[in-house]
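**Student:** Let me begin by handing over the structure; questions about it come next.
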Amino acid sequence: MTEPVLSVRNVSRKFGALIASNNVSLDLRPGEIHALIGPNGAGKSTLIKQIAGGLRPDSGEVHFLGRDVTALSTVQRARMGLGRTFQISALAMEDTVLQNAMLGALGAGRRPYRFFRPVLKDRDLREVAETALDRVGLLDHAAIRTSDLSHGQRRQLEVAVALTLKPRAFIMDEPMAGLGASGSKRLTGFLDELRHEAPILLVEHDMDAVFALADRISVLVYGEVIATGTVEDIRNHAEVRRAYLGEDA
Amino acid sequence: MSRETIFNAVLALGLLLFPLWAYVADEPFMITLATRVAILALAGVGLNIALGLGGLVSLGHAAFFGIGGYAMGILAHHAQSYTPLMEVPFLIEGTKSMPVIWLVALAASALAALVIGALSLRTSGVYFIMITLAFGQMLFYFAISWPAYGGEDGLSIYVRNSFPGLNTLDPIQFFLIAYVILAAALMFAAMLAKSPFGLALNAARQTAERVETIGITPYRLRLTAFVISGAITGLAGALFADLNRFVSPSMFSWQTSGEIMIFIILGGVARLFGPVAGAALFIALEHVLGGLSEFWHIYLGLLLLAVVLYARGGIIGTLAGREVAHD
């Protein structure tokens with residue numbers, strides 16, 4: 001079996017008496033979409049933070065590209081090629097769509113300490129940014145102020161910014177939220193292709209999308225992974241149906 | 001051309017034509033007022049890089065303004081008393097040359113900003129405001145208790161420092177020096193805002209988390225901005241001291257920090273010409289209202305209140321409208 005790109009090994013994190021992550025293990029293999037699902041408050045966001053950086057687990061390790069990154073900062077992990085989209089859009093709202101995408105390109109190029117030439121005249125950065133915008137279908141909106149975008153378009157921009165980094169793995173926190181049926185369908189098609197560039201750890205509430213896309217699914221309940229498996233496995237998993245899908249098995 | 005560009009051009013031209021008129025009309029005091037505007041605006045341009053672009057609410061920029069002032073004061077004091085600054089391990093003498101003084105002011109205030117910034121930027125929000133204020137106050141009391149350089153009384157410099165080829169004692173010539181430096185600083189600030197660094201810094205103000213996830217450390221961006229910001233305000237301090245031929249601990253006072261911030265808030269935060277508009281209005285009010293009452297700050301307070309409540313974009317925001325997104 002091929003080495004996983006990303007693996008979470010026995011990660012635990014407590015906040016006081018609350019166990020947000022309880023001995024969580026999961027991995028992301030090359031070319032796959034691994035969906036992480038679970039009810040609200042299951043600890044998905046806490047887990048994402050521990051994977052992407054910003055929150056250190058109490059115990060356990062996170063490995064990325066064969067390296068223990070548990071002690072590395074968000075910035076260091078990003079530089080290694082961990083691309084992330086946020087659940088609540090983290091975009092520069094006062095800036096244009098193009099500027100946001102160029103910011104990503106700037107980070108990928110690692111040369112932000114340039115003070116004189118206008119960034120928008122940097123052809124290389126601009127091309128990276130415009131290619132990414134084009135891929136998510138936002139190129140027509142490049143000159144628009146980000147705060148004027150619809151909620152769904154902001155989700156698309158989140159993905160575009162992550163694309164500019166040409167990451168080795170994606171972590172996407174609810175990219176479908178607020179997209180509407182057609183937008184969601186489009187993004188589903190897009191992610192379906194994207195997995196061949198880099199695997200995606202997908203946190204998502206939209207079950208249609210999850211079932212359509214995921215190679216594997218992990219179910220998180222009360223900070224614990226109660227099941228990992230293929231779509232079929234999860235659909236038929238008694239405990240999952242009871243705990244999460246809200247059905248009597 | 002946007003309305004803001006037109007307004008900026010009018011402002012820049014106005015600040016140049018007013019003292020030229022005063023020169024023709026033989027009103028040297030008016031030239032001095034315009035020079036004050038140019039120098040204080042320069043201090044504001046410095047702060048605006050940290051505050052407007054970086055979102056760093058520094059209430060301690062008087063530290064840099066004062067360091068620039070004392071750089072001038074100390075160098076000129078030694079030159080006029082023919083005593084060296086130090087003899088061991090090597091000889092450093094004072095100077096009356098403006099360009100040298102400016103370089104020293106820039107370097108000293110940049111260094112101070114590096115140290116103060118490195119410590120302060122570990123905090124944010126109200127803690128950052130308080131810690132920068134504290135550094136400013138530390139330097140204020142340090143200056144007061146340093147008898148070698150005048151202590152509480154400050155230092156008087158008898159003759160204004162020199163600039164090659166110019167007579168700096170002529171008010172209009174000294175004004176032009178300040179004006180050209182202000183123009184250069186404005187051009188630099190405009191360039192900075194559009195540069196890759198400006199894009200990243202501005203993004204770090206809006207969403208630091210995003211900047212981290214693209215592999216850039218916000219702390220370093222902010223520290224760099226803070227150093228640039230402090231250096232420009234320090235240069236303004238050196239010019240201010242030269243204008244008055246006097247430097248005292250009051251340049252370090254927190255009121256000075258507050259006034260520099262008031263220029264920006266009055267003029268428009270993050271607007272290129274905000275500090276220019278704000279400093280001009282401040283000096284005009286001080287001149288007109290100050291003549292009517294010693295307590296003119298009451299009116300300034302009311303105006304500030306009105307701006308904060310009803311015109312958040314300051315003068316420029318009100319006259320030129322919302323900033324247009326860059327092309």
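Cβ coordinates come from backbone N, Cα and C, glycine included.
Annotation comment: TrEMBL describes B:7-24, B:30-50, B:62-80, B:100-119, B:126-149, B:172-193, B:223-240, B:260-285, B:297-320 as transmembrane segment.
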**Student:** Using a threshold of three or more Cβ pairs below 8 Å, and leaving out pairs closer than 6 in sequence, do the transmembrane segment (B:100-119) and the transmembrane segment (B:260-285) count as in contact?
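**Tutor:** Taking Cβ pairs at least 6 residues apart, the transmembrane segment (B:100-119) and the transmembrane segment (B:260-285) are not in contact, as fewer than 3 fall under 8 Å.
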**Student:** Given the transmembrane segment (B:30-50), which of the listed stretches B:7-24, B:126-149, B:172-193, B:223-240 has the most Cβ pairs that are under 8 Å apart from it?
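**Tutor:** The stretch I would name here is B:223-240.
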**Student:** So, taking each listed stretch (B:62-80, B:126-149, B:172-193, B:223-240) in turn and counting its Cβ pairs to the transmembrane segment (B:7-24) that are under 8 angstroms, which one gives the highest count?
**Tutor:** B:172-193
**Student:** By a Cβ-Cβ criterion of under 8 Å, what residues six or more beyond either terminus of the transmembrane segment (B:100-119) are in contact with it?
**Tutor:** 60, 63-64, 67-68, 71-72, 75-76, 131-132, 135, 161, 222-223, 226-231, 233-235, 237-239, 242
